[in-house]
């Protein structure tokens, strides 16, 4: 078992038959007009749900969805999720509209084997984001076992993630968190070499802690996306109007020096797709070299950069990908991200994708199925990799006497 799971029980460690299992999931899926647009987080939760059902547990499930301000924000209702779960599980999912009520307590005695309870969006309750012990105790009163399988929310000290397991004796994790931590630990402990971290996205500042943690573990970095312009400017190269964090120029310069001093590699773009504005596809063109004209900004990496990055990725034994290479949501600026996604997919390496934008980029590229693991964690996976303790996991190591 991976190191990060030391002292934490899994759902397999409990006798579930006839027991009320409170299962905290991350069903925070994107929606448009009440329709689910990406159900990955739902399907990722199914193995634990099915296992609990097969073992004869009575299930009370819970999740958050978005950031509702009040209970009247019905666009954040879990109703579409409940309907989708019914289809996927071939079971009746009873949606309890008041998570803070005694309704589950009254429903549980007569719950049939193919019926499950899903609490409405827990963030409709004020006590959830306040880590309220009072709200948690209400749930604990009718629950025998607590299982957290919401990796994407485990970095938040919220009531159903933190306060609830703090008042329950029997607690552990589901299969999704077990897999997530095992995969992320493999990036920190004895990775197959060469090990390359592909970093992209907008800001260097968002990635500093992860870069620092990985610097002693990886063999090389590939840096693309808008954050690359800060590194290029730090080397005195012209980046035009591209997004640059001027307060991070010194850090970027020092980081390059530190990487090279450790005999590790850092690959930066050598050409770009540049244009006059981020929505301006008409003037988009590939630069001849690394320089970007004064009145232009970079929106993607160019073909020479894709070729360089792909050649390095072909040789890799382990790849961690976090962040797109350009504004991939615009098809005109997606070639860099999709080219790198293809190179990662074609590689024989262990390929782990972490961070929300990278997961979306992997999906959009059509290569998601070829990745070893795409983390459902977003912010949680980065916080874990940078060495932060996740409240939702740490509380599971504590024992109630």
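Glycine is treated like the rest: Cβ placed from N, Cα and C.
From the candidate list 12, 41, the residue Swiss-Prot records in the substrate site shared with 26, 27, 28, 64, 65, 66, 67, 123, 156 is 41. Looking at 66, 298, 355, the binding-site residues in this record, the fewest other C-beta atoms within 10 angstroms of the C-beta turn up around 66.
Shown in sequence order, 63, 121, 152, 153 are the same-chain residues outside 26, 27, 28, 41, 64, 65, 66, 67, 123, 156 whose Cβ sits within 8 Å of the Cβ centre of the substrate site. Rounded to a whole value, the Cα-Cα separation of residue 26 (substrate binding site) and residue 298 (ATP binding site) is 35 Å. Counting every protein chain shown, 28 other Cβ atoms lie within 10 Å of the Cβ of residue 358 (ATP binding site).
Reduced to three states, the DSSP call for residue 358 (ATP binding site) is helix.
You'll find the Cα of residue 355 (ATP binding site) roughly 15 Å from the Cα of residue 28 (substrate binding site).
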